[in-house]
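Straight from TrEMBL, the features:
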- A:25-138: domain 'PurM-like N-terminal' (DOMAIN)
- A:27, A:42, A:72: Mg(2+) 4 binding site (BINDING)
- A:27, A:72, A:212: Mg(2+) 3 binding site (BINDING)
- A:43, A:44, A:122: Mg(2+) 1 binding site (BINDING)
- A:44, A:72: Mg(2+) 2 binding site (BINDING)
- A:51, A:263, A:318: substrate binding site (BINDING)
- A:121, A:122, A:146, A:214: ATP binding site (BINDING)
- A:150-304: domain 'PurM-like C-terminal' (DOMAIN)
- A:215: Mg(2+) 5 binding site (BINDING)
């Protein structure tokens, strides 16, 4: 199939939005940015064998590839608008048409949900990988950056943490699900992460710093602390965790997965004291789960507490201090 | 090396431009588009084994990966502004640091020439590939599209054609260079294509349609004809060809390479009659080589002439009609 037919069949969908002045099929797309907004731009690649296993369902792969990018827009408080898709496909796929059909369904399931429009991209032959560049818009003064955390800010996490890491444990056959409900529910976190766009928009102009949790809560919070030149303490016992994760792994391992597991694509953000009640109220009204888990302090580094005691966590888990 | 150190060492360079409100290192870059301009966005991927050979020098790879993207901006008449870079690197590179050092030198050699700024990207492990999304700005009424060719427009090509295809013949060991000067000069076309930014800016608002020559002159011109619902005739004997290509391959094969070889990244564009002398004069003043090679006509399809006779060209070359 020629590239143009291929794009029309699988990747052209719906009416061209007003701000897209020239659509797919020319040398470039042309878009008309909104006046007064900054353009937020992010790029994420998923590579077979590094970010997903070869047997991933193409529907989930497309969803996740776009979700990781939209999540970065959410973490800036930006409204998702446009994206480009570079897809590298092996020549020896058993059924390329069926694969692309499922892939495009997964892609547009999420794109339509967030009203983000595919403006173009590239299709090439080679080892399976997906690179998406997503663009959104945000008023510059309201953008949520990593470097804006202030001493005294309350630290929050959205949603539940550790679910994707739990699913990865199954996928890598390190553990076996104790029942199929648990398997299904945890795999959902890994395959279909929900970028927190609505929360990001709600926080824009109210929270100070934000980041999306892709490397793991503690690692990503540390990025905020380093960029903001502040310290923090976090209470492990406050981390929001799905009951199924606890049933499967027990509380201690579930906490460890929630603290260090990546791929959740929830937001970690810091809110100045005077905005806390408003942010809680707005989140509650929007039925978005957020949980206060710690506080920003002067200094450097991240202190972690559990059951009132300082604990030390590394990649392999955590131990109580002697 | 941690990702942040890696970015700082190899990919952060120079002062952040005024329009870049937030640079590399946050969830997104934030940029302030110019008021009154459309944002031109393009994405191109180069995959090892598909678009380049495994032994390509990283300096040339970076240069070519960025050049293919800037070339798309040039074909719209857009001014290059920002780009993101997704780089997928094998873990078993013999010397990753040295590879990256050369890669970043090649990248910034071209980026600095066109004042295009790296705003972010992603680095992953896996089979070698490079995906760049480049952004530029153009006044919407001046943008050069594929669909704007008009009957009577003169068809032009810039630079010399076929050099990259000639070099590929060497690289694939289909032919042997007759001397090292010829080898060097043709390899330059393949490894270091020069995106025609200055020409694109000069043509914006004056030419009607434009495309960059990546698939081959005839294939790319056909994209213009199809998008514009017009026909054209082209004279093979007018194609601009480097003398070295003719010395190496003879006139007939050189013409075939110029007509069908890809990867030249020159522009093919159509100019209304009343703008032809101005476009020629401005190009001459800017010392940019352009050559009139044909004319846009009513109907469908592309007629090709050589020595006054219609010829038929397919992928394998061309034959005189019986």
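Numbering starts at 1 and runs along the chain as it is shown here.
Just so you know, glycine gets a Cβ as well, placed from its N, Cα and C.
Note: TrEMBL annotation is automatic and uncurated.
Here the structure is a predicted model, which means the values were calculated and not measured.
Using a CB-CB cutoff of under 8 Å against chain B, the binding-site residues that qualify from A:146, A:214, A:215, A:263 are A:146. The binding-site residues in question are A:122, A:212, and the one with the fewest Cβ neighbours inside 10 Å is A:122.
The average pLDDT for the domain 'PurM-like C-terminal' (A:150-304) in the predicted structure is 96. A straight line from the CA of residue A:43 (Mg(2+) 1 binding site) to the CA of residue A:72 (Mg(2+) 4 binding site) spans 9 Å. The Cβ of residue A:263 (substrate binding site) lies under 8 Å from the Cβ of A:164, A:165, A:168, A:189, A:190, A:193, A:214, each on the same chain and at least six residues away in sequence.
Residues within less than 8 Å, Cβ to Cβ, of residue A:72 (Mg(2+) 4 binding site) and separated from it by at least 6 positions along the same chain comprise A:40, A:42, A:44, A:134, A:212. Of the recorded residues, the residue listed as 'Mg(2+) 5 binding site' and residue A:51 (substrate binding site) place their C-alpha atoms 12 Å from one another.
In the structure as shown, the Cβ atom of residue A:43 (Mg(2+) 1 binding site) sits within 10 Å of 27 other Cβ atoms. Counting residues of the domain 'PurM-like N-terminal' (A:25-138) by DSSP class, helix then strand then coil, yields 38 helix, 45 strand, 31 coil.
In the structure as shown, the Cβ atom of residue A:215 (Mg(2+) 5 binding site) sits within 10 Å of 18 other Cβ atoms. Binding residues for ATP (A:121, A:122, A:146, A:214) extend across at most 31 Å, taking the greatest CA-CA distance. When the alpha carbons of residue A:122 (Mg(2+) 1 binding site) and residue A:51 (substrate binding site) are compared, the span between them is 20 angstrom.
Of the listed binding-site residues A:27, A:44, the Cβ environment within 10 Å is emptiest of other Cβ atoms at A:44. Annotated pair residue A:121 (ATP binding site) and residue A:27 (Mg(2+) 4 binding site), C-alpha to C-alpha distance, rounded: 10 Å.
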